[in-house]
Amino acid sequence: MWHEARKHERKLRGMMVDYKKRAERRREYYEKIKKDPAQFLQVHGRACKVHLDSAVALAAESPVNMMPWQGDTNNMIDRFDVRAHLDHIPDYTPPLLTTISPEQESDERKCNYERYRGLVQNDFAGISEEQCLYQIYIDELYGGLQRPSEDEKKKLAEKKASIGYTYEDSTVAEVEKVAEKPEEEESPAEEESNSDEDEVIPDIDVEVDVDELNQEQVADLNKQATTYGMADGDFVRMLRKDKEEAEAIKHAKALEEEKAMYSGRRSRRQRREFREKRLRGRKISPPSYARRDSPTYDPYKRSPSESSSESRSRSRSPSPGREEKITFITSFGGSDEEAAAAAAAAAASGAAPGKPPAPPQPGGPAPGRNASARRRSSSSSASRTSSSRSSSRSSSRSRRGYYRSGRHARSRSRSWSRSRSRSRRYSRSRSRGRRHSDGGSRDGHRYSRSPARRSGYAPRRRSRSRSRSGDRYKRGARGPRHHSSSHSRSSWSLSPSRSRSLTRSGSRSQSRSRSRSQSHSQSQSHSPSPPREKLTRPAASPAVGEKLKKTEPAAGKETGAAKPKLTPQERLKLRMQKALNRQFKADKKAAQEKMIQQEHERQEREDELRAMARKIRMKERERREKEREEWERQYSRQSRSPSPRYSREYSSSRRRSRSRSRSPHYRH
């Protein structure tokens, strides 16, 4: 089977190759014999019989139907011929004053060039009219002489050169010269012999080459052309234009032939080479995406005024005096490890651990927490609003949570106005910090009981207390109108991760909540806006104030060690994630609206179908009632007059009524 398929494939391939070769030969043949169509135009006049029937032909040629034209008996025409009315052709006398516009004059000169250029060339070459007519007669009889084209001459020359080529010595040029010299020596002899033959038949088809003419010959040509209605200089100018047009046509034809040669399935490489050859001399500018590199986020230089005003808040690189040391977090949760990491970070940043911090200034950060202030103020400068400050605090707290407990940073870095589960997690961290900072708080008192008692609480009560404590923060920031919504939102569900983290017992969760509350109280006590602090925090007792002052240095060290600077790529990633979340919510909302709309349309369609079915049933019922009434009328009429005449009709109507009564519509 495989051999048969191979044989068939080989046969097909051979047929295709033969067809291609045949088409190539046919194309070459037609290219050879192709000429100007005007050269094939020949007009011949002969006497012939129009009618095949001899009787009809004799009747048509009888003197009754034929008449001499212009009195010439040798030239007989039909009397219905239109030439019978051309007995007298009046001579044309042009008007003396001719007003011709410049456009008409230029058109007339062009027409004269097309009419008489052959005669002008014959006059210039000294060829008489008899010689020209004889040459035309010879061409009509035998056709034009086939002269080898320039391409064929080049091919023959290449073949001759390749025969004389040797690899031992480079004598190719000499061989070519030797091969060309006999040709040049032979050519004058050939020309002499040809000239002897062409004395009788001069070659008048050779067009005058304008580029080879000198000034005298050009002037002579133009002078010869003026006798044929052309202006001085028109003939040579139009000859040049014709030559340029012929060159352009030849070039376009060569291009098309090259393209046709490269057509086919296997000629992709040849087409590419042809395209590269065409575009080799052209200069191509690089595309826009290759012209510039991707942006680099190196620290850029700033003006002295900007750097002096924002050096504390915007500087990313550490000063040469205090270079930061990179500390790697290797363990989570232990208080000893946290204290050691905080001490290492404080030593690296150059802060004295035993030195108490100065009171916070509203204009700038405290000196005891330079590292944390430097990192925090990169995301929120002193000129930004309080809302952006709170968002940067939440992002810093989420990163602290990532380093402490190994949670995913993105799930905590969202603002609590984004989604409900994230708002519950965020309010939980807020409420924990608030419970440890506010001694007189009711929720904090309830939450700070023993671990066993706390784990025994119902989930609803726990979520309610948590939502209330988070709601107090919301009330301080936004107003009292969010209490019911956050209470209802947070009381109906608890995420598994949240319930797991709440039921987890031991010193790890307590120390984590303690460190969170300390960092939260420290960040709120160092907030640069005093009115926000008044809104969000009630008045605390002096003991709580002392506790806060004691915990401030440790919290500053922790934030300085555990809060990294966000790179622009990470910032862009966060922004893209937020945009994706927004788009997801919008798509979800649009899908819900679409589903509601489809449901509404379905209900409307069902109602319409129900109404249509009801109408159809009513019409059917009315039709049945009409038929029944008609039948009863007919039956009563027949029962009144039971004559034998109507007995057949009566029986047929009875039969019809019986069949109708059997149908389900007429059952009583």
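Counting starts with 1 at the first residue shown.
Glycine too: its Cβ is placed from the backbone N, Cα and C atoms.
Taken from Swiss-Prot, the feature coiled coil covers 579-641, and the record attributes it to sequence analysis.
For 182-214, the entry in Swiss-Prot reads compositional bias 'Acidic residues'.
Under the heading compositional bias 'Basic residues', Swiss-Prot lists 265-283 (among others).
According to Swiss-Prot, the compositional bias 'Basic and acidic residues' annotation covers 290-313 (among others).
Taken from Swiss-Prot, the feature compositional bias 'Low complexity' applies to 340-353 (among others).
For 354-365, the entry in Swiss-Prot reads compositional bias 'Pro residues'.
The compositional bias 'Low complexity' annotation in Swiss-Prot covers 378-395 (among others).
If you look up Swiss-Prot, you'll see 396-435 (among others) marked as compositional bias 'Basic residues'.
Sequence annotations record features per position, and here Swiss-Prot assigns compositional bias 'Basic and acidic residues' to 436-446 (among others).
As annotated by Swiss-Prot, compositional bias 'Basic residues' applies to 475-486 (among others).
The compositional bias 'Low complexity' annotation in Swiss-Prot covers 487-510 (among others).
Summarising the annotation, Swiss-Prot assigns compositional bias 'Low complexity' to 518-527 (among others).
Residues annotated as compositional bias 'Basic and acidic residues' in Swiss-Prot: 584-611 (among others). Under 8 Å from some Cβ of the compositional bias 'Basic and acidic residues' (584-611) lies no Cβ of any residue in the same chain that is six or more residues away from its ends.
The annotation compositional bias 'Basic and acidic residues' is assigned in Swiss-Prot to 619-635 (among others). Using DSSP to sort the residues of the compositional bias 'Basic and acidic residues' (619-635) gives these counts of helix, strand and coil: 17 helix, 0 strand, 0 coil.
Residues or ranges marked as compositional bias 'Low complexity' in Swiss-Prot: 636-645 (among others).
Residues or ranges marked as compositional bias 'Basic residues' by Swiss-Prot: 653-668 (among others).
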Same-chain residues at least 6 apart in sequence whose Cβ lies under 8 Å from Ser101 (phosphoserine): none
Separation of alpha carbons, Thr567 (phosphothreonine) and Thr327 (phosphothreonine) (Å): 18
Candidates Thr327, Thr567: member of the modified residues with the richest Cβ shell (10 Å): Thr327
The compositional bias 'Basic and acidic residues' (584-611), counted residue by residue under DSSP: helix, strand, coil: 28 helix, 0 strand, 0 coil
